[in-house]
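Taken from Swiss-Prot as is:
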type	residues	note
COILED	225-261	coiled coil
COMPBIAS	620-650	compositional bias 'Low complexity'
DOMAIN	816-874	domain 'SH3'
MOD_RES	Y376	phosphotyrosine
MOD_RES	S683	phosphoserine
MOD_RES	S740	phosphoserine
MOD_RES	S753	phosphoserine
MOD_RES	S756	phosphoserine
MOD_RES	S811	phosphoserine
MOD_RES	Y870	phosphotyrosine
REGION	575-720	region 'Disordered'
REGION	749-777	region 'Disordered'
SITE	R417	site 'Arginine finger'
Amino acid sequence: MGLPTLEFSDSYLDSPDFRERLQCHEIELERTNKFIKELIKDGSLLIGALRNLSMAVQKFSQSLQDFQFECIGDAETDDEISIAQSLKEFARLLIAVEEERRRLIQNANDVLIAPLEKFRKEQIGAAKDGKKKFDKESEKYYSILEKHLNLSAKKKESHLQEADTQIDREHQNFYEASLEYVFKIQEVQEKKKFEFVEPLLSFLQGLFTFYHEGYELAQEFAPYKQQLQFNLQNTRNNFESTRQEVERLMQRMKSANQDYRPPSQWTMEGYLYVQEKRPLGFTWIKHYCTYDKGSKTFTMSVSEMKSSGKMNGLVTSSPEMFKLKSCIRRKTDSIDKRFCFDIEVVERHGIITLQAFSEANRKLWLEAMDGKEPIYTLPAIISKKEEMYLNEAGFNFVRKCIQAVETRGITILGLYRIGGVNSKVQKLMNTTFSPKSPPDIDIDIELWDNKTITSGLKNYLRCLAEPLMTYKLHKDFIIAVKSDDQNYRVEAVHALVHKLPEKNREMLDILIKHLVKVSLHSQQNLMTVSNLGVIFGPTLMRAQEETVAAMMNIKFQNIVVEILIEHYEKIFHTAPDPSIPLPQPQSRSGSRRTRAICLSTGSRKPRGRYTPCLAEPDSDSYSSSPDSTPMGSIESLSSHSSEQNSTTKSASCQPREKSGGIPWIATPSSSNGQKSLGLWTTSPESSSREDATKTDAESDCQSVASVTSPGDVSPPIDLVKKEPYGLSGLKRASASSLRSISAAEGNKSYSGSIQSLTSVGSKETPKASPNPDLPPKMCRRLRLDTASSNGYQRPGSVVAAKAQLFENVGSPKPVSSGRQAKAMYSCKAEHSHELSFPQGAIFSNVYPSVEPGWLKATYEGKTGLVPENYVVFL
């Protein structure tokens, strides 16, 4: 129930009811006053908490800014560089958010605290002053009235008239005070409605402005976030592949002889105890010793472990160097210590007595120093596999396997990822490579299933006496893909492939051509270029020595295979540029990180720090929005190239050829716009470096589930890659273990983790294009003039780089104006500014369009856009 109304006429009567109603208003004003005091106190605490939060976030961002990633190896992949740079990018993003919070905190006192305090003091305070005046006048009036009424009627008339005049004057003063008090109370009650609420509204507006700015930053940050997810997924894939290889190496080291000595620059090295004379006998001091047989140089340095704060607790002294004269095993009965031997050196008189750790270790030292002990063969760490050779039988076997796969199983899910049964694979190998088998033996595809054939093909390549890409060129390939210049990577790999022996290059040509075809069906088999690189990288480029350092280079081996697949036509069907210098060993440099993808260089305009999309809403393409992108990566980016992920409205993209004759693969688009995605996670495993008795059934085989989603919709995903790399439309979703995860419909949140890849799916496996020979038409055209419509693209930002990327997409050769061209495929226009034409149509006045991948041409008197890869110039 509301407050009672105060009438001015009631002030004249000053009835008990009036006083009661007046008291209700006074109680309400007092309650409001206390509430405002508490609100000001709580608001001050809130502002203080915001200030403390801001300081904590700034300190957190500074910690991110100061930390420096270091990776194993002498070079870093593009993914590793992006990840290393990400902490600084996170710090810059947090700083941008805190800048907005700082403005909120600065304005909060003026917007919230000061107006509330002013209202409390000026308005409610004025009402209190009015009450004091009213009470004073009331008390004075009724006191004088009481005295006036007590006057005797016998008083003089003049005295009575004076008393009447005084009482009238006091009553008038009381009446005016009462009216003013009533007016002020009602004024405060009315002003309370806006002067009290307006500061709160202003504060909330500022708070929501801060939140909205955070939302805008999140929107603008989305492209970088998505690319970083791709980088993280690639790195996770490489880790899974490398970890398995390192684990195998570790297990072999465990099972090897305890005194196994790995290859090094020294003939022999290790710890030895050296007998040193003391005034009261002898003492044995541990030294780290090395010996070079060529120069007969023996060095030893004191090495002792201390539980101090020094690194590793190891204290070493400067090494002493000697030239060895002789080495003799110490007789057992001549010393009470075991495993001893004596050496003579030029620099000292007498002998130096050394103690090895074991009898086998002493034999190794004696053998290295040409001692009198018999020479023992160094233990082998790895049992040699039965070797295969690049002979006629091998070429026939590979061709037959590829023919069988391409005939019946190229679209099978997890092709080459899921291994066959071990016994069947061994039977296939024994049958094919038996000494009694003819070189051109056929493979009965009815007898052998697809998994057995693919595992047999990989097993043959693993068991070659020398890997297909040779030990000699192994380091050169690795150095080539470690280059900062992505164009040079391709050119260097191109040149190195042509340095391979003829048979090796021929076999590599056959295999890579097949892998290109496999990757073109990645929509069905999910074997993208990235996945194939993970599988065949270690197989085609295994290192001569299995060391942890070699395992760390597996990620670069994968990149080599990706380059071979993506640039197959150029590498195998064109001669390399003789002016391209071959790779030279490089020392590790930190300069690449300064050129890493970074979004926060340069000054920032409001809401322009990250450009969230590259086209206007009414254009034919849209950038991926956070609403349609779960936390998991949609596709796996190749670590040696920069790619763009975008979505399309068109549902009728047809295949078409891009430069190099490699078709694109476009994902069917959604028909109703529902956000329905099938999510799948990957845990890729390396499928190489297995023992002869072990196949992919043990190392690679994972459970495979269909990729599903709640509806029959399939939001389109398309990747556009920067030239001169071909195979631009290949999807790079990495998968060794595939499992379906339900995705929520509509605006429900997705449950994928950041380590999970997301894949577009429907209730049924996506069907291939009706005519697989047709290359897909460019599903999206970006208007370059709208590329920066949503924000300022700073130099060096990933969005600016991606905008430039779209400017470079297309044929690497410039198209001259006014030429004629012929249509290789038919095409039906999807927009009014496109041309429809049949196969064989002749176009005139053909010249480049401002939209990448499209040409402007005239056909039958009509001028419009045609897909660049649908035509050939006459």
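Backbone N, Cα and C atoms are what each Cβ position is placed from, and that goes for glycine too.
In terms of local Cβ density within 10 Å, R417 ranks first among the recorded positions R417, Y870. The two recorded residues, Y870 (phosphotyrosine) and R417 (site 'Arginine finger'), have Cα atoms 34 Å apart. In the predicted model, the domain 'SH3' (816-874) shows an average pLDDT of 85. According to its DSSP assignment, Y870 (phosphotyrosine) is helical.
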